[in-house]
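Asks: What TrEMBL records for this protein is below:
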| type | residues | note |
| --- | --- | --- |
| TRANSMEM | 32-54 | transmembrane segment |
| TRANSMEM | 98-116 | transmembrane segment |
| REGION | 147-169 | region 'Disordered' |
| TRANSMEM | 249-271 | transmembrane segment |
| TRANSMEM | 277-298 | transmembrane segment |
| TRANSMEM | 399-419 | transmembrane segment |
| TRANSMEM | 439-459 | transmembrane segment |
| TRANSMEM | 480-502 | transmembrane segment |
| TRANSMEM | 514-533 | transmembrane segment |
| TRANSMEM | 554-578 | transmembrane segment |
| TRANSMEM | 598-616 | transmembrane segment |
């Protein structure tokens, strides 16, 4: 009877070491699983809608209102987007080290909502002018005079717009500031629709815009890698059914992301394209607030993992300990290396990492010598700066092994970012009418979203079951390689379409329909399914237990560097291809340029990257973790 009671008690708890809100062992039936997972998926969809509601037409803001060239506008979009994903490392660090994933998600979503509402309050209704004037003030010296002629009486209701503006920011609410921006800043009404220019704005208003837009960057960037990992935490990987659900969660995570993008890129994109900025950005702010509310509703049901502390100190200890013992001989048996076992483990649910033979120099950190056991005369306690466990050493090796794979994903991110910049500019130079309906160029990304959603379902429901019948399973690395191949196909397709468009172009608009862009968006959608989802699963699965959010952040940081890389390539191409008598590859009038060559250049770079990636993937040694269940069961029975 007692054994039966113990078995029932064991079945009641999760086996992966997760805890509930009160830091007690998580009860399987009362926490996590799909109830919490679905809440987080809806949260992700709403947050994505809010974010892309701000950024979906940014490139058109710059070209239509500011008057920037296509290359300049694409550069500025890449810089902002790159900054967004750069903040993912900050969110991952706080999550893994100190705050935990739940607190980190709540914190950065709060910042995201504040940033979004500030835009709605004082800036977003004038976003075309503010963004464009902001960038012009920094990068377009020829238009500075127009900016400085901003109407001073329009800045009174804004933060920083004189003393009255500072008082209103402290005392007035969202509605007052939203109304003031609508009444005084959107002049003339409907400006920024590609036909009616907006008036100029003061430096203070531009500064407020930057504060707001980078609050959005900070909030969304810090939230994204943490919410993905937190969602995966809701499924016990030591449980047969929940481990399968955990793999499925990453696919549904991107499905939710795509549905959020679909709404913002079509419905919101349509209204913003017409110059109805206030409606579009109020909807974004409302969506972000609803996402935060739903996240907080699930608080009692979430499963949590206790943060493991600062990883930089652990990494530093390995490097220092290995360097101190660079003359020490390796033991003949790997079992003689120092490792923490059983009751000596601070957290009995943490998994040890099995020893590998790569980066052998670092193994010296785990070689036991007498001086390593000397802390204030306590001979039974080791000095972590002299002796590290095998698991601690393997954590460093794990990150080093991931770096070549991660570097190979950056070129893909350069390709991926073209969807929100040069693809939009290409579409704007094509025939955008379908009967009496005008198709916003930014909304063409809905084809990427729909194709990605369809391929996710087809892969999970058809391709995977079919391959399993032949005992074939595509690894995450193989799927990422397939994603790179689809990225090459997308760039080639975009180049062919651009070649046809220029050949038929007259003055500033081609006679080629914008729907010729559909194949390149579909290929990008397919590449996203295999590359981005595979990348998220791979980095999250291969990262040590205490660095799961960092693993997710690696995929986000790849996107960040891809945006900055795109900015660099565009700058170099523009400088090399243009001169006093040459328009260059990407001029203001695309019919006078060679945008197709730029797409072919990216296709070539991605093809080379695919070859390098294939070599790195074949040489990659997967991280092997110790079984957690047996230790957990033994520990549970002892209690």
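Backbone N, Cα and C define each Cβ position, glycine as well.
Give me the local environment of each listed feature.
Replies: Beyond the ends of the transmembrane segment (98-116), by six or more residues, the same chain brings 47, 50-51, 54, 91, 212-223, 226-227, 229-230, 233, 281, 284-285, 288-289, 291-292, 295-296, 299, 302, 304-307, 309-310, 549 to within a C-beta distance below 8 angstroms of the stretch.
Through the fold, the transmembrane segment (439-459) approaches residues 56-57, 59-60, 251-252, 254-255, 258-259, 261-262, 265-266, 269-270, 272-273, 419-420, 423-428, 430, 432-433, 514, 517-518, 521-522, 524-526, 528-529, 533 of its own chain, all at least 6 residues removed from its boundaries and within a Cβ separation under 8 Å.
Tertiary neighbourhood of the transmembrane segment (480-502): same-chain residues 405, 409, 412, 415-416, 418, 423, 426, 429-430, 474, 510, 512, 516-517, 519-521, 523-524, 526-532, 534-535, 538, 590-591, 593-597, 599-600, 602-603, 606-607, 609-610, 613-614, 617, selected by CB-CB distance under 8 Å and a gap of 6+ residues from either end.
Under 8 Å from some Cβ of the transmembrane segment (514-533) lie the Cβ atoms of residues 250-251, 254, 409, 412, 415-416, 419, 423, 426-427, 430-432, 434, 439, 441, 444-445, 447-452, 455-456, 459, 479-480, 482-487, 489-491, 493-494, 497, 500-501, 555, all in the same chain and six or more residues away from its ends.
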Asks: Give the one range among 277-298, 554-578, 598-616 whose Cβ atoms make the most pairs under 8 Å with those of the transmembrane segment (399-419).
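Replies: Checked against 277-298, 554-578, 598-616; highest Cβ contact count belongs to 554-578.
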Asks: Under 8 Å between C-beta atoms and at least six residues away from its ends: which parts of the chain pack against the transmembrane segment (598-616)?
Replies: 404-405, 408, 411-412, 414-415, 418, 422, 480-481, 484-485, 487-488, 491-492, 494-495, 498, 569-570, 573, 585-586
